[in-house]
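**Q** According to TrEMBL, the feature transmembrane segment maps to 12-30, 42-66, 86-106, 127-154, 201-223, 244-267, 279-303.
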Amino acid sequence: MYINWAHHYIPKVGGACSFFINVLFIYIVQDDKKVQIGNYKILLLSFAIYNLASTAIDLIVPLCIFDYKRAFSYFVVTGLFEKKSALGAIAICIRCSFIPAAYGILHSHFIYRYMVLFNRQVLTKYFLPYGLIMSVAYCAVLMAIWFYAAYVFVLAQKESRLYLETIFREKFDQDINDLNIVIALYGDASIEIIRNSWTGILIGTFISLYSVVVYVVLGTQIVHKLQSTDLVMSDKTKYLQKQLMNALMVQATIPMIVCFTPCFLAWYLPVFNLDIGNWIYWTSTVAISFFPVLDPLSLFYFLPVFGARVREIIGIKRNTTRISSGLKIATLNS
């Protein structure tokens, strides 16, 4: 199904950029002799691997968001899982579940940065393997909850498909009964459909809001600690901690802009029967597809040693003596 040129081409360009940037990022991070970030590289690598997986599934299961009157919908537009099937229903729900996985990985990063400042001994003793295992399990739980909410409560039923059947024929020249689609219907439907729609959407809302609260609470405490006078840390190490925190705050802001905000608008505008035009499906899915591109760029920007490695790899010569001598990250886990 062809939606528009932006929806068709931009995610593919974003996918190519994501693979290039994240593979480059993995190459830089894994070379610990150069960047010297200790165990923290494991969390950085996990985010890069997630970015690659998210890009892959975005290309395999390309989606479009569409709001109409009292309904929100999210459907596969092309590829192996476009036509309605049991496997396609699972695929679209898995694609939905990748959103909270990003939240979970960011939570792990915030907790790690918090522990570096407040309880480094526990972090050093237990991060490998227990902390890492708990981080992976935590992300898996968030994904499972979101998958369950999508599959059980908002996977399109006959009644919700009927509500959008006419507009899909007019707008996309498609029979909605042939598509894999998630639909939340807030009115003009049976009590069961409305109740299930609200249940699924509220589960996603709770996870998203909870994630933001975690960012704010831990981020505030970390910033206050870095600004306090009782922090026993050299100026160089404190500077590096601040730079890492700046990068992490940007990493946390990106999903709120490209995932959290468009999802909330798409979910809740139909509650009030608001029609704000076609921009929802022009921008929302396109913005989400660029999240894996923007995430590693924040570290390239805020951490001089990463920028220096990029320039070294692509052959741009620059005086990096100050960077290599004054901005090493060797004390992150000491």
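Quick reminder: no glycine exception, Cβ is built from N, Cα and C everywhere.
Those TrEMBL annotations? Automatic predictions, nothing curated.
These numbers come from a predicted model, not from an experiment.
Tell me about the setting of these features in this model.
**A** Tertiary proximity for the transmembrane segment (86-106) is limited to same-chain residues at least six positions away from its ends with a CB under 8 Å from its CB atoms, namely 43, 46-47, 50, 53-54, 57-58, 60-61, 63, 74-76, 80, 135, 138-139, 141-147, 150-151, 155, 180-182, 204, 207-208, 211, 215, 248, 251-252, 255, 259, 263, 288, 291.
Within the chain carrying the transmembrane segment (127-154), a Cβ under 8 angstroms from the stretch's Cβ atoms is held by residues 39, 42-43, 46, 89-90, 92-94, 96-101, 103-105, 107-108, 112, 115, 182-184, 196-197, 199-201, 203-204, 207, all 6 or more beyond its ends.
Same-chain neighbours of the transmembrane segment (244-267): 47, 65, 67, 72, 74, 99, 102-103, 106, 109-110, 113, 184, 201, 204-205, 208, 212, 215, 219, 222-223, 226, 280, 283-284, 287-288, 290-291, 294-295, 298-299, 301-303, 329, 332, counting only residues six or more beyond its ends whose CB sits under 8 Å from a CB of the stretch.
For the transmembrane segment (279-303), the list of distant contacts is 3-4, 6-7, 10-11, 14-15, 17-18, 21-22, 24-25, 44, 47-48, 50-52, 54-55, 58, 62-67, 99, 102, 243-244, 246-247, 250-251, 254-255, 257-259, 262-263, 265-266, 269, 310, 327, 329: same-chain residues at least six beyond its ends, Cβ to Cβ under 8 Å.
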**Q** Report, as numbers and ranges, which residues of the same chain sit near the transmembrane segment (42-66): CB under 8 Å and 6 or more residues beyond its ends.
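**A** Sequence-remote neighbours of the transmembrane segment (42-66) are 1, 3, 7, 11-12, 14-15, 18-19, 22-23, 25-26, 29-30, 72-81, 91-92, 94-95, 98, 101-102, 105, 108-109, 112, 128, 132, 135-136, 171, 251, 262, 266, 280-281, 284-285, 288-289, 291-292, 295-296, 299.
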